[in-house]
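Database features, via TrEMBL:
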- Glu4, Asp67, Ile69, Asp70: Mg(2+) 1 binding site (BINDING)
- Asp220: Mg(2+) 2 binding site (BINDING)
Amino acid sequence: MVAEEGSEDLRTEAGAPMLERITQLVNDAIASDAALDVAPLSKEDVLEAIDWGNSEGGSNGRHWVLDPIDGTRGFVRGDQYAIALGLLDNGKVVAGVLGCPNLPMGSIANGIPANSSEPVGCLFVASLGAGTTVEPLDGSGEPKRVHVSDVEDTAIATFCESYESAHTMQDLTANIAGTLGVKAPPVRIDSQAKYGAMARGDAVIYLRFPHFGYREKIWDHAAGAIVITEAGGEVFDAAGEPLDFSRGRWLDLDTGIIATNKELKPVVLSAVQKCVKDLKIPAKH
């Protein structure tokens, strides 16, 4: 397993109260599920379980890729976050699950309304060759197939990006949107919930351009990427290449991450490359 979190901080004296609390929550969860025949876990059991995620990944064998809370700032704000789990087979993503507890089942194309009667909580599931489905996170409904937007006119397209300006160069994404003639304001939400929203057509374009020096991690994109591609979309970097998850824990790619439908890929890629060149951003960063 390749996972974001490790046990280092929990093994310190300062981390002891947090470890106590986590162990209690884990055992409460075990006790609440009658289907589980598992003895309570010790603190050391919990630490060892967390450290199962220390694999380096790579191009050989199968690896689960886990981000237990993707979008930490959104989680803290009570806003959007996701539990993201992907499966790599010899470096290729073959399955992905996104749990988005605060994402409405209805479209957020016009933003997330402050007050809505729409059910909240989505579960997106995708596997290679089988498409992408969404269902209520509480299990109250059946899975439904989803597909990315088929909009081919950028003037009526919507785009989404990170909520936090620290996570993406919003000036650059605004330039790209302007070059494309996008008129709608961006839909800004945290986490891979963006991938789920795009997979069902809430937005047509996703733009992510981290600040110079940032290295993308595979757990931030593995599940979301297959959720979009199995919904008929494309996820690629500024060279037009698909994301490569075979190199280990990091995505070393050309500039940024873009997603859209197959029809718009050429025009979006052209706009991205023009704006990146104008700003003289290094190709690899």
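In case you wondered, yes, glycine gets a Cβ from its N, Cα and C as well.
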Sequence-distant neighbours of Ile69 (Mg(2+) 1 binding site) in its chain (C-beta under 8 A, six or more apart): Phe75, Tyr81, Ile83
Fewest other C-beta atoms within 10 angstroms, as judged across Glu4, Asp67, Asp70, Asp220, which are the binding-site residues: Glu4
Chain-mates of Glu4, Asp67, Ile69, Asp70 with C-beta within 8 Å of site centroid, Mg(2+) 1: Glu5, Leu66, Pro68, Gly71, Thr72, Ala82, Ile83, Ala84, Ser191, Trp219, Asp220
